[in-house]
Amino acid sequence: MVMNLQVRDLMYFAKVAELGHLGRAAEALHVTQPALSKCIDRLEENYGAALFERSGRGIRLTDAGRLLQERVRLVERTLDETQREIATLGAGLSGLVKVGAAATIAEFIMPTACRVLHEEAPAVVVELQIGMNDVLQDALRKRQLDVVIGPLGRHDDALVQIPILADDVVVAASATHPLAGKRATLEAMSACGWVLPAQSVATRQWLEAVFAAHGLPAPRAAVMTSSIAAVPRLIAETGLLSFISRRNLEAGRFTPALVELPNPVTTMTREFGVVHRNDDYLSPAARRLIEIVRAQHDEVTGTTETAAAKGRVKAGAAGGRANGGR
């Protein structure tokens, strides 16, 4: 079928679909209602299907119309992105990079990465959103973010995952907790209260699965929070346990000090990395930020761990390793 479509017709269709009324859409678009009707007629003739049906005093989309509306939204996003990307080609490293970062990454990696990028390209603006990984991944899929830096999950054809570093999540307590300095068993931990993220977060799901596998009830959440920054003080003030990155237990980071309750059964190894959509053009600024993040880690640990991390991610993806949230 040969189609004679214009982008303008599709944009006009989108406005009619949004407002559900030809007259109001014509006013919003500053065109006459007959001209808008002809636009819809052309689209229906080209597609061979009715796009609207009458509903009271207005109109509503048919099934074919809803499908076209979905695809037109994709066209709009693509045109917007293309305009932005072409502009960056002539301007060098500039523009906006929308980055989502898990709390641990935001604290340990992003400050240096942002400093280096700003020194190289002061015209680039980094919009940093810190949150739980499941929320960030959803925003990435919806094209609300360009890049996510956080825990890597299972293989997904729609996403490119670049491993950077390994991270262990462990049970943590205040240094004054009764279990501190002792061999903490699952039974002893099970009797304690916890500071935990929401049940939708994979680190909590992993921890609960460990207790269930040993015939014990899930850790009892006395406090639920998505803020990693609030956890240390909560642990110190309440005497609760938590499940956080071992990187947060470095000496001198928090007062009162936090300690790990070492137990291999409750140690979850995960991989941090960079994730972006597989079907998208990355701006030069976004690509440079990814290069900086990777180089920053290589300078600290060498390339050996990064290479090993790649192997672990593949193994974890095959085995369904948890996609940690913090």
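Please read every residue number as a count from 1 along the shown chain.
Heads up, the Cβ atoms here are built off N, Cα and C, so glycines get one too.
Predicted automatically and left uncurated, TrEMBL annotations should be read as such.
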Which is it, of 255-278, 303-326, that TrEMBL names as region 'Disordered'?
303-326
Within the domain 'HTH lysR-type' (5-62), how many residues are helix, strand or coil going by DSSP?
36 helix, 8 strand, 14 coil
Taking every residue in the domain 'HTH lysR-type' (5-62), the average pLDDT works out to 92
